[in-house]
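Worksheet for the structure shown next.
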Amino acid sequence: MEAFFLALLTAFIWGFVPFLEKIGLSSVEPTAAYLVRCSGVFLGAVILIAFTPQFPSFGKMGIKAAFFLVLAGILAGVVAQLVFYKALKTGEISMVIPVTCCYPLFSFLLGWLFLGEEITLSKVVGMLLILGGILLLK
């Protein structure tokens, strides 16, 4: 139940933040907005470090794990964020957000193809519902 609540809280925050970003993008280009947003991420990281009782141990992390986490940071934290800001600046928030939130489709396929995750009827139905919702918005 805790994981469900945390996931729901995450969804709420991720649903609220684009509203703030859309307002912020009204008078600035996506690249400038991204750089300002990064200052918020940096401030958050400083606060997190200041209030973490024990500094995280990076020594236990292998090269492979570090590589994939850095790659994920570049792709999600830079490339996708800039593309997202361009979409948000030029499109309606009510269309952009649902379409960008179809990423479970890609995670589902990658999990099946490369991680050997099981395909179940409920997963397929869920993916079809997501796809149907996106098609309705097009």
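Placed from the backbone N, Cα and C atoms, the Cβ positions cover glycine too.
Taken straight from TrEMBL:
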DOMAIN    4-137  domain 'EamA'
TRANSMEM  32-53  transmembrane segment
TRANSMEM  65-87  transmembrane segment
TRANSMEM  93-114  transmembrane segment
TRANSMEM  121-137  transmembrane segment
Secondary structure content, the domain 'EamA' (4-137) (per DSSP, counts of residues): 112 helix, 0 strand, 22 coil
Segment-level pLDDT (mean, integer) for the domain 'EamA' (4-137): 92
